[in-house]
């Protein structure tokens, strides 16, 4: 059977042209998005771009978006929300626009805003205390987070995903889960935590939570009587486990880890008096 090189080149040309058009569209759209927010961000407010959704559990399904908005509330920096252009310059959510600048990565943003607005909350604590806070934050964001990904997208399955989003089972939610879950499991596999069994991942979660519980002790907040920047990260990373009704560590949070539950509610009551209304809001900016 003869091989048709002309047809092959035609297919390759179509594929390359399609890819080139897609890249052009993506780059053009990103440039126009940034240009639009560059002008709007010169009005004195931080614009927080992030993933939000109709949820019966959380104001946002992203712990990093929750972290950043919690921080803005904690330090009383004026801000407005954009729930449409959720993916920033680095392809991540959240990101911010401020004074004509665009920044991505929640921790870089916190550090930038702390310097820009002179909000050094952790400065009242010792260098050792601040180091403990940093280690707790990194453990929550780089380790416990991935165990949560596996709970939400693998072992908890679509029922957990739907509950975190809006509690309703629908074809659209099933479709979203079917598209997102494999990618999230693949990322967790590459990170390493996703290679473990369900029992092993629950053990990881409990070990991390016990470490946080030990750091908290009888403190009101992570490092002492007053919240620091790292409290925003830790609170946001704990929120799904604490406020969800089918958490895999619910029994422990009601028992030996009760100080974590109390801490999470303390942070919520302090900074999110509108938690109930925000977690069911669907309006787009």
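Glycine is no exception: its Cβ is also placed from the backbone N, Cα and C atoms.
Under the heading transmembrane segment, TrEMBL lists 6-26.
Taken from TrEMBL, the feature domain 'Thioredoxin-like fold' covers 63-153. The domain 'Thioredoxin-like fold' (63-153): residue composition by secondary structure is 55 helix, 12 strand, 24 coil, according to DSSP.
Mean pLDDT of the predicted structure over the domain 'Metaxin glutathione S-transferase' (207-267): 95. Residues or ranges marked as domain 'Metaxin glutathione S-transferase' in TrEMBL: 207-267.
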